[in-house]
Amino acid sequence: FRERNMKIPAENNHSDPVSEFILLGFPCTWEVQILLFSIFFVIYVLTLMGNLCIICAVWWNDHLHTPMYILLANFSFLEIWYVTSTVPNMLANFLSETNSISFYGCFIQFYFFFSMGTTETFFLSAMAFDRYLAICRPLHYPAVMTVQRCIRIGAGCWVCGFSCFLLPVYLISQLPFCGPNTIDHFLCDPGPLMNLSCVAAPATEIICAIFNSVLIFSTFLFITSSYTLVIRAVLRVPSAEGRHKAFSTCGSHLAVVSLFYGSIMVMYVSPTAGNPAGIQKIVTLFYSVMTPLFNPLIYSLRNKEMKQALTKLFRIMRPGQRQPLKN
């Protein structure tokens, strides 16, 4: 039974400043560590391939150069970096003897992981707004949601997402850390980090809790409001075929929203402080690793145009069948 993860270096005591953290991850036997490494490595590769396929299908197919698919391609690009911010380090820790991460490396991971998670909430909101305009305001849609405006919206999502989390990261990084330095998690999460601070920081905890709640609930209410109006408009469509087509385009978005928001609300809004660390790891694992894997499947299986574009993409990737996708 491997006990390497449970050991704290003797030099880390309550008087010395912390220069690195120990990520416990999933302490278990060496055989199980290898098994977990194999599983998460396969998941990571499949996630990269699935999201790259969506990006390539949108890029190479003229019919998909519309606001809806431009936002989807940006979302897939975001998912690639989102999962990359945690999984490679987690894979390395499965094979490591120390599971250590430097102080600055921990906060860099913290910043990028949560900045990309914040950017994801903005992209989901932008995609919901796009569907609202397309279904509830179809006559105004071409004039309002132009490709140029869609690009500006996407750029705004990236800038806002990477700007919002600067304050929480700064506040937590200024806390004094003097030992112990063991984080019972597989990534640098704000909750376990604040628990390692030498002094109580109720103001920082309150600010971070308010920040998370406002961000999560404001974007979630915007998305649910948009889809409520969409569903009301769809139900008024006289033909069953029209209703089915409208629901099929929105169903994939709703499925992704449900997976992502359901898990982050359990983690960052519900009172999880008293929950076992294992539960928090599983919830974090779901929204940080599994949802980026599910999203390409959801969008490709429920969208006829995307399935056709992916079919063309796979056809052109076959040896001896090189031909342009654009038509």
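Cβ atoms here come from the backbone N, Cα and C positions, even for glycine.
Automatic, uncurated: that is what TrEMBL annotation is.
Taken straight from TrEMBL:
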TRANSMEM  34-60  transmembrane segment
DOMAIN    50-299  domain 'G-protein coupled receptors family 1 profile'
TRANSMEM  67-87  transmembrane segment
TRANSMEM  107-129  transmembrane segment
TRANSMEM  150-172  transmembrane segment
TRANSMEM  214-235  transmembrane segment
TRANSMEM  247-270  transmembrane segment
TRANSMEM  282-301  transmembrane segment
Range from 34-60, 67-87, 107-129 with the greatest count of C-beta pairs under 8 A to the transmembrane segment (282-301): 34-60
Close approaches to the transmembrane segment (34-60) from elsewhere in its chain (Cβ under 8 angstroms; 6 or more beyond its ends): 26, 28, 69-70, 72-73, 76-77, 79-80, 83, 87-88, 90-91, 94-95, 289-290, 292-293, 295-297, 299-300, 306, 309-310, 312-313, 324-326
Long-range neighbours of the transmembrane segment (150-172), counting only residues six or more past its ends (CB under 8 A): 67, 70-71, 74, 107, 110-111, 114-116, 118-123, 126, 130, 190, 193-194, 204, 207-208, 211, 215
Distant-in-sequence neighbours of the transmembrane segment (67-87), which means Cβ under 8 A and at least six residues beyond its ends: 40, 43-44, 47-48, 51-52, 54-55, 58-59, 109, 112-113, 116-117, 119-120, 123-124, 126-127, 130-131, 134, 145-147, 149-151, 153-154, 157-158, 186-187, 249, 288-289, 292-293, 295-296, 299, 305-306
